[in-house]
Amino acid sequence: MDSVVFEDVAVNFTQEEWALLGPSQKKLYRDVMQETFVNLASIGENWEEKNIEDHKNQGRKLRSHMVERLCERKEGSQFGETISQTPNPKPNKKTFTRVKPYECSVCGKDYMCHSSLNRHMRSHTEHRSYEYHKYGEKSYECKECGKRFSFRSSFRIHERTHTGEKPYKCKQCGKAFSWPSSFQIHERTHTGEKPYECKECGKAFIYHTTFRGHMRMHTGEKPYKCKECGKTFSHPSSFRNHERTHSGEKPYECKQCGKAFRYYQTFQIHERTHTGEKPYQCKQCGKALSCPTSFRSHERIHTGEKPYKCKKCGKAFSFPSSFRKHERIHTGEKPYDCKECGKAFISLPSYRRHMIMHTGNGPYKCKECGKAFDCPSSFQIHERTHTGEKPYECKQCGKAFSCSSSFRMHERTHTGEKPHECKQCGKAFSCSSSVRIHERTHTGEKPYECKQCGKAFSCSSSFRMHERIHTGEKPYECKQCGKAFSFSSSFRMHERTHTGEKPYECKQCGKAFSCSSSFRMHERTHTGEKPYECKQCGKAFSCSSSIRIHERTHTGEKPYECKQCGKAFSCSSSVRMHERTHTGVKPYECKQCDKAFSCSRSFRIHERTHTGEKPYACQQCGKAFKCSRSFRIHERVHSGE
């Protein structure tokens, strides 16, 4: 007959169950365990042959060590393998429900008290004395997988992972469990009991592990660190799940369809698509859901809870998906890119709606070009691109617009309204997209990267325009002369060469400009402002295009390549001038003598031979020059350089 050990008859609790016991219940547990130990120790000793008092002293020391070891393990350790049949303690009840903790090691029969076990033991012919296991010894080995256990109770429960035995069945829903602790925790999903309450925020939890993980949100503790990428986690399950992103492991396979999953929770939810099980039922409206996250999100419809708060603007959301979508308004992130036209979108529904235009599967189809729309308002706005209708007219200047949003933005140019303010520098903007793009000048964020050359952009429109450098696409064509342009701004400026329109007038000197950027640059000649500073050498520029061209002197970047000979240039104007050496085009013609030039700068210098203008004057001797190059050469006469 196998020996009977103290661990075989001890009543064990999980760490969660032990935490629920009150001080009086813990004291009762210690007293019962000590009495059990005395009774068990008396089986294998001949009291008549030894000094009784010595034995009592020895037994007292040993039982104290054993009971303290059990209690310490419950108070301090991370419980792993010791899970056995236990009472279901409630925090406010002082009763202690007894189970049958005394099991015969020969035949497995259970008894309520030790004396009954003693009487039963005599029915077996062989009898061995009590044997004390050394601390840490694991004498129970699983024949299936070789795993070893210190306690018979843990070993029996482990065997169920192989046999599939689930002796604990829920009366409410019929679900069965291998472990009593799992069964007790499951019962709480029906009763709604949440015994673990956070003292910081009052939130309550069904599971102790979830409660511990939640507490780390307040403390900021993240004890689990990934060796691969250094990412830290507050919860061990999150850490284990993360490790699988590196290993690619998907240990949970569906027996129905063969699909494998990285996470057990995802696997469980997937299984319900086959079984139709929906264990999470709303008490308010009776709706049942298969997924706990969907259930929690649904509950918020009734409670109005909005736990996801935006740090930028304070707006709160009930659902994490809505919150993530909102965050993109601030960051400008548009993860859904159309491969057809390059347009990017914040949300998947917006992207899908846009794709209908290309596929032609929408209910509202344009008869002119075949583009389709799922929204009637979008369809109406699109039709105006063909009809030329512009129903929204500005009362201030008479300018008309096909779209109400464009009209509202235009009105702000007259009212001066700038409702969108940068929190970093206080600069205000009339348009929300403009403030998002501006904020990136502070953060340095450039989310749009060119796959051709690796260049990154803070603004999606700049990115799309840049792509046309590689593709050569020029979608904007002038109806007057047939000239095509890559950029709408260039096209609009070109149109003004035909109309002669110069809407931007300088208040200082009255000079007018056809282009807003030229106007802003001109204003800086009066103010002396040079807002663009090179981080490499500190040189400052009044124009953003000038600093970009200058930066290329440091980086060596030459993005503009001649298609004829392959020569590359840092500046777009340089490549255009160079291309004229191949084509022979000389667009700048002198009205005085009919001489033509390929370069505007050469043309301006030539004009000075007729006008006599010499804008470069030497401060040393007063001599003047019509060309900056001649002026610099002259200066060396004085400097001796």
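Keep in mind that glycine also has a Cβ here, set from the backbone N, Cα and C atoms.
From a predicted model like this one, the values you see are computed outputs, not experimental measurements.
Taken from Swiss-Prot, the feature domain 'KRAB' covers 4-75, and the record attributes it to sequence analysis. Taken from Swiss-Prot, the feature zinc finger covers 102-124, 140-162, 168-190, 196-218, 252-274, 280-302, 336-358, 392-414, 420-442, 504-526, 588-610, 616-638 (among others), and the record attributes it to sequence analysis.
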Across the zinc finger (102-124) the predicted model averages a pLDDT of 60
Sort out the residues at least 6 away from either end of the zinc finger (252-274), same chain, that have Cβ-Cβ distances under 8 Å to it, and list them.
-> 241, 244-245, 290-292
Same-chain Cβ contacts of the zinc finger (392-414) under 8 Å, 6 or more residues past its ends?
-> 381, 384-385, 430-431
Looking only at residues six or more beyond either end of the zinc finger (588-610), which have a C-beta under 8 A from one in the stretch?
-> 577, 580-581, 626-627
Go ahead and report the DSSP secondary structure tallies for the zinc finger (616-638): helix first, then strand, then coil.
-> 11 helix, 4 strand, 8 coil
